[in-house]
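Below is one structure, written out as structure tokens, with a few remarks after it.
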Amino acid sequence: MNKGSLPSHVGIIMDGNRRWALGKRLSSLEGYKEGLKRAKEIVKYSLRVGIKCLSFYVFSTENWRRDDCEIENLMFLIANYLRAEFDFYEKNGIKIIVSGDVESLSGEVKSSIKDSISFSKNFNNLILNLAINYGGRNEILRAVKKFVSSDFDLESLNENIFSSFLDNPELPDLDLLIRTGGNIRISNFFLWRIAYSELIFSNVLWPEYYDTRYSKDLECFQFRRRNFGR
């Protein structure tokens, strides 16, 4: 694999955890736990090949429509997993950032997020961006509200200025968006940042998306010609 032509920023919609669990007669919680294992493997592989930014779609603003028990279990997993991986962040130089409406989350989840961000803020091998309580439209709406409350004049507004009001404005646009699980849609993920992303839709359910499959998708990206409108 030619590392020079790899994407700088990869985003992944981790779809298929519940269907995987259902197919094996397991609870959705077990599906999410298995999905966490794949996520860690993908992080390790990204570090190995030199990808600098990796974004996971963890929980969307629309996911609140799910069963209360499932949401509670998922939030428990998120809060506990973030804190349990501090050694992993430090050993591998992983900087944690979070996109989404964090302030609307429960105190426990919010505290875990803030602790992870604070602990890893000086690491620089890989930026791991977790989209939690995230929706692309919601992010744009919050950015508009922040702009209106700022000192900027409307006539000065351009793409660069508007981007500065998005969550984590230091993040580059996505070069590659991968969605597992077989569905061909983007589900409100990073609407502003995927303008020129290459898209790959995999039929593989997320708990079965191993680094070998990820490697093939990265190679597929390398063979694509990106014109950026030219």
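Every residue, even glycine, has its Cβ placed from backbone N, Cα and C.
Just so it is clear, the model here is predicted, and its values are computed rather than measured.
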Further binder of substrate named by Swiss-Prot next to Gly16, Asn17, Arg18, Arg19, Trp20, Ser60, Thr61, Glu62, Trp64, Arg66, Arg185, Ile186, Ser187, taken from the candidates Arg179, Arg193:
Arg179
Listed in sequence order, residues with CB under 8 A of Ile186 (substrate binding site) and six or more positions away
Ile13, Leu177, Arg179, Ile194, Leu199
Where's the emptiest Cβ shell within 10 Å among the binding-site residues Trp20, Trp64?
Trp64
Would you kindly give the Cα-Cα distance separating Glu198 (Mg(2+) binding site) and Arg18 (substrate binding site), rounded to the nearest Å?
26
